[in-house]
Amino acid sequence: MESYLKENFGEVKAKHSSEEVLQKWRNLCGVVKNPKRRFRFTANLSKRYEAAAMRRTNQEKLRIAVLVSKAAFQFIQGVAPSDYTVPEEVKAAGFQICGDELGSIVEGHDLKKLTFHGDVSGIAEKLCTSTTNGLSGDNDELNRRQEIYGVNKFAESEPRSFWVFVWEALQDMTLMILGVCAFVSLIVGIAMEGWAQGSHDGLGIVASILLVVFVTATSDYRQSLQFKDLDKEKKKISIQVTRNGFRQKMSIYDLLPGDIVHLAIGDQVPADGLFVSGFSMLIDESSLTGESEPVMVTAQNPFLLSGTKVQDGSCKMMVTTVGMRTQWGKLMATLSEGGDDETPLQVKLNGVATIIGKIGLFFAIVTFAVLVQGLFSRKLQEGTHWRWSGDEALHLLEFFAVAVTIVVVAVPEGLPLAVTLSLAFAMKKMMNDKALVRHLAACETMGSATTICSDKTGTLTTNHMTVVKSCVCLNVKEVSKPNNASSLCSEIPDSAVKLLLQSIFNNTGGEVVINKDGKLEILGTPTETALLEFGLSLGGNFLAVREACKIVKVEPFNSTKKRMGVVLELPEGGLRAHSKGASEIVLAACDKVINSNGEVVPLDESTINHLNVTINQFASEALRTLCLAYMELDNGFSPENPIPVSGYTCIGIVGIKDPVRPGVKESVAMCRSAGITVRMVTGDNINTAKAIARECGILTDDGIAIEGPDFREKSQEEMMKIIPKIQVMARSSPLDKHTLVKQLRTTFDEVVAVTGDGTNDAPALHEADIGLAMGIAGTEVAKESADVIILDDNFSTIVTVAKWGRSVYINIQKFVQFQLTVNIVALIVNFTSACLTGSAPLTAVQLLWVNMIMDTLGALALATEPPNDELMKRTPVGRKGNFISNVMWRNILGQSLYQFMIIWFLQAKGKEIFGLSGPDSDLILNTLIFNSFVFCQVFNEVSSREMEEINVFKGILDNYVFAAVLSATVFFQIIIIEFLGTFANTSPLTSSQWFFSVFVGFLGMPIAAGLKMIPV
């Protein structure tokens, strides 16, 4: 079976499966009782094709718009005033431009219209906003603006009501056929025996069908609500906005035209808008147009489109168009209907359901044929084959109903849905554990992860940074306390302090602002915040230093260059460049240094050695080191030129402390015992990385720490030798990370989880089996590429995700083991009995009840077991593990054999043992068989809680769902036997018969325990 599944259903991957592969397995699913339900949680391929077509159209539109705007640009001087008139309702609201006009300017890249409306400042005026202070006004004004221009949300499909799920559950082919059988049975029964007697069989089947439908619909509806809650969480995105003169974080869904948004590397543009000011703004429009070439946005080409991503640079943008008026809104509305890709387990279990469905269909046809042949041969012997009574017609109908019910029980429709149920349950619980799962498949893939490649900063460490040591003017000083910092000022010359503050306050991606309470607030990444705090502790005034110089050019930090730069126009004239970044890289670009007297002197060997020793000293104390440097530029420098990369003067080095998170060491040890290798991949100095890796327990005596540039140079043979031993990779570029992940996945067949927070991590997150993005420090681009978002940026949460992943995988295995046992026994019992005795012991109503126990209720009980710490003591499944393992086959076949022998024994000897005789003896015996069969399943469900452990009662009461399902099954079984005899074809049993049924079921547990001792 496993090889058949691998061949036909094994091509679907956890990520990036092609549309052809997704279509192929759908075509292979031959026996599907209810396509609407079976394929509910699979991708809607037709909607995906629609979205792809939309992207192509966008690409063409934008290409034409750019060409037209270029042409228009040449004739812009001779522009005649356009005949645009402001609609009355817009005027009444106090604005001078409507939403459609704004949309056509940005979406059409229409420079002609933009010039007519007075460029960006003119549009800001017409939108009653300020490009410096943003929107101002009370809620009434904001509501008016919202009424005119709309909200920044895209249209979503209406949530389905409970009755839609009931309707979908009714679409089950076999239930429809049984419904027809019930209807015919009712008519024939009433015609022959009157309403009181003749309606029982038909009504029994109808009641069973309705029960199955409502239980199924309730389960599906609850699942859909869980997915809805998760979807809401996925969409929580906030962005920096200036409103009422204050910079603040806001949800992108509260944005309105006229808002001033601050964009930086890794952000997603939240609405259509116009560029106000900024530097080196490079935009990736591939998500909207499929075009991979990035676009430069400047004052000459100021158009920013919603949904595109900032690849480089930073800027202020004025929002012009929001929500469904943007192309992104329309595209997202279509894409959201495309759904998530189905997971490999869902597809595999669809394969299992198809195989068993075909077997079941074959058995059902043969059973029906055998039963009909029995009736015909009896009538032939009696010579009454030309005369048919109503009773015999009812018998035929009953045979048909039994055959159809065999298909109901044999096609395990619930298998693929159990995956979704288990995943939905796990995703909801993981949300409480601070992990947001974006793609269903990640949940199950994480269970088989063998390697985690983790970032250092913010994941293994707390991301609360402070400058604790500095080496300014070659003077090493501890500056962790404020008075230490102020005494540093007295020890170094004023000119050096001035340069240091100029470097800290201008060459930064952060800002010091005054918040609504009138207090100073530092905005920016933890590294920038630490440096700005250091600058303020030296007595610096951020705004005064910023206003003294004019910024001419900015090159933001990125993880490839590992440095950032800025060019300033000084108040006394002249240009100066400041550089900041990885200490050894910036120091290598210096040829001069400021000495303790504040003089600029050439860097000689002894000074370089002193600085390198200082860097290594700081790094070995687990400090992040940054070097600050500057150079004077000649006046011939143009902002179009890149900032020079050498010839700098070193101002100083700072050591930033970022403590290791509590609990990380224990989590790493837990990963090791679970067979998961943890590797640290960081852009930091190798000594800092090694110190932190030792503290976390990642770097062991036999492990290797390597630098990215060295790793890059290795040949394939060398890589084969060293990769298994690499535990730390320092000074790595995003490409190094990507190479490591790719090698681990392809050459070593590992299942790799990767953490990332920056834009440049997106390729590695995309390449990995599971991409984990950081919720706090992560950029929007990283989150978009990830499968799971770690909301608290904590490594321990990653271990929790792995634990839940294993739990999902094992829970589904338990359920499959339980369901296949019921399938096999129900199939063989009814088939052999029909062949040998000419009648089936389990009727249609009884089989429907058994189907519900094993399908919906069984899935609820077994697929929602919470994880335990024992899971992390097993080795991971990895890429090659068989889903239906030998252990499962042993348990399934052993348990099936036992149950079959019991039922067969009852059929052969039951009447004799219990002294049954008279007209009701067959009915009582069949009731006893049905009751024993159900109790075998009840106790088998308990045995299935553990596939290899003998003790199956551990933690049973912690899972209240399991306890509730089991209690409900037993309760309803008693009612069916004792009180619903006429509908369910049962007869009340004596206490000895009840004891026998329960004892036989219970006996299955020691047998299951004995089976677990057989090695496989």
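Any Cβ shown, glycine's included, is placed from N, Cα and C.
Features reported for this protein in TrEMBL:
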- 116-190: domain 'Cation-transporting P-type ATPase N-terminal' (DOMAIN)
- 175-196: transmembrane segment (TRANSMEM)
- 202-221: transmembrane segment (TRANSMEM)
- 355-376: transmembrane segment (TRANSMEM)
- 396-426: transmembrane segment (TRANSMEM)
- 887-907: transmembrane segment (TRANSMEM)
- 923-940: transmembrane segment (TRANSMEM)
- 960-982: transmembrane segment (TRANSMEM)
- 994-1014: transmembrane segment (TRANSMEM)
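Remote same-chain residues near the transmembrane segment (396-426) are listed as 31-34, 37-38, 40-41, 172, 174-175, 177-178, 181-182, 184-185, 188, 201, 205, 219-220, 223, 226-227, 343, 345-347, 349-350, 352-353, 356-357, 359-361, 363-365, 367-368, 371-372, 375, 437, 440, 443-444, 804-805, 807-808, 811-812, 815-816, 819-820, 822-823, 826-827, 830-831, 834, 840, 842-844, 847-848, 850-851, 854-856, 858-860, 862-864 (criterion: CB distance under 8 Å, separation of at least six residues from the stretch ends).
Spatially, the transmembrane segment (960-982) is adjacent to the transmembrane segment (923-940); three or more Cβ-Cβ distances between them are under 8 Å for residues at least 6 apart in sequence. Helix, strand and coil residue tallies for the domain 'Cation-transporting P-type ATPase N-terminal' (116-190), in that order: 47 helix, 3 strand, 25 coil [DSSP]. Distant neighbours of the transmembrane segment (923-940): 818, 821-822, 825-826, 829, 841-843, 846, 849-850, 853-854, 895, 898-899, 902-903, 906-907, 910-911, 914, 916, 966, 969-970, 973, 977, 981, 985-987, 989, 993-994, 996-998, 1000-1002, 1004-1005, 1008; these residues of the same chain sit at least 6 beyond its ends, with a Cβ under 8 Å from one of its Cβ atoms. Same-chain neighbours of the transmembrane segment (994-1014): 890-891, 894-895, 898-899, 902, 914, 928, 931-932, 934-940, 942-943, 947-950, 952, counting only residues six or more beyond its ends whose CB sits under 8 Å from a CB of the stretch.
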